[in-house]
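Enquirer: Got a structure for you, questions after.
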């Protein structure tokens, strides 16, 4: 139906007859001549229809937005070059136009940017927009480049099951009723974690998969119910073996897909250092602001909000200096306090130093002149700055001060251009869940501890460090991995520390424990979020822009109207009865 793509018609084709097919982007009838911007996935070319070709002119004059056309014509140099178009030096003089399909009146035009609900309801129209085409192509190029790179490095692309066993990995499972086994259910995989470990036991050595994963969790801009990850696993490796390989891979992929040259060597930072300096386990290093601990300077003050945490081994008092922040009004300071409150802050103390050196602070009265001056000097504050203070439990203070750091960086234009990758390592093995009164795994239950001795792990569970690692880019965790537990006795001990008894462990993970018993090699791996990397490459804040058919934050597919009710007959086949929802 066509000989060339619209967006690839150029000067080399001048004088030649071409057949094109695409959509009417714009049609303009200027009396003696009609101009049609014909669009396909490669771009737009101008089609010109002259009035002396009456039959073709009549067709052109009747066209509407998004009508589907086949155009035959001769390529000619344009009198008025359009430098904004790739095809702007040529036009196609139409000799025949066939309308392949008329488009109904549109809910929005390809050049408009309607609300997200409208875009998702008519996703097929939204995806026609050039910007959406660009972002989807970025994703396609990313996946192609990853596959090519891993195939060349000897990795084996192995599929793992979609219908599998429900196992706890931190989020709620999507359950699928098993019709042939009444009352029993499959679960959709949250990740291929256990299968890829078993593939290492099976001797496949280097595995990868572009895997679909499912987690029934609350949605936001960087979360979806179903998502795609590059899953990788290596046998007989230590942390640096995995990190060095994937660092080289990510560097090569960014260069190939978006022509970005990442650092020759990614910096490394322990989890403890990241939390201390940046209040985040995925710090955005493009923002130069850092948290400063001030407990030693405030522990003897008369301000109880500070003295309590400052004299508590598990407390923290931290400061954040914002250059130029003295320009903040009282209302704006209150907005910062409200932002911190979302992350657990109960208040936000501050010191504001005007350009003339005048100090405004609600906490100054609780300090002697000398101790207050020492505090200001310690945080490096000068004229024109504001300093925010957070006090409380160590982790909570780190969280809300880290959130303030990000907000201040954006508000004050302190986010540097470019790319800032790093490795975050040495994560805590466990964290204490106050609600459940037990330890939970910070990464997942299959991450190896840094110690090999089970007695040591049991005795020091609270401070145990894992062999986990995350790759962070511009404040986004793009990949997370670890060295895995390969000894069955260590895996059983970790289950025990997590409050998973022997009977429960056998019921949920018996197949894994059995596999580890039959000669499991030391192994480790990593998983990268394809959606998130594609969004970063495409320059969009929301992963929904790089997913062809995403769900809304309300967990709905507006185009297909999913989820939707199921008729009783279908429910009966899978032995399910829906009970009315009660408040």
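Just so it is clear, glycine is given a Cβ too, placed from its N, Cα and C backbone atoms.
Because the structure is a prediction, the values reported are computed rather than measured.
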Enquirer: Looking at 185-188, 189-192, 193-196, which one is region 'Aspartate' according to Swiss-Prot?
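Expert: Feature region 'Aspartate' in Swiss-Prot: residues 193-196.
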Enquirer: Pick the one from 224, 491 that Swiss-Prot also lists for the ATP site with 215, 216, 217, 477, 529, 530, 531, 532.
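Expert: Candidate listed by Swiss-Prot for the same site: 224.
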Enquirer: Can you see whether DSSP assigns residue 530 (ATP binding site) to helix, strand or coil?
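Expert: In the DSSP reduction, residue 530 (ATP binding site) maps to helix.
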Enquirer: Within the region 'Aspartate' (193-196), what mean pLDDT does the predicted structure show?
Expert: 97
Enquirer: Below 8 angstroms Cβ to Cβ, which residues of this chain, lying six or more residues outside the region 'Aspartate' (193-196), approach it?
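Expert: Those are 160-161, 164, 167, 169, 207, 209, 231-233, 444, 446, 509, 511-512, 525, in sequence order.
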Enquirer: At the Cα level, what's the spacing in Å between residue 530 (ATP binding site) and residue 443 (L-aspartate binding site), rounded?
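Expert: It is 19 Å, counting Cα to Cα.
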Enquirer: Closest of the binding-site residues to residue 484 (L-aspartate binding site), Cα to Cα, picking from 217, 477, 532?
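Expert: Closest by Cα: 477.
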Enquirer: Out of 217, 477, give me whichever of these binding-site residues has the highest number of other Cβ atoms within 10 Å.
Expert: 477
Enquirer: Please list, in sequence order, the residues in the chain of residue 215 (L-aspartate binding site) that are at least six apart in sequence and whose C-beta is under 8 Å away from its C-beta.
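Expert: The answer is 171, 172, 174, 190, 225, 227.
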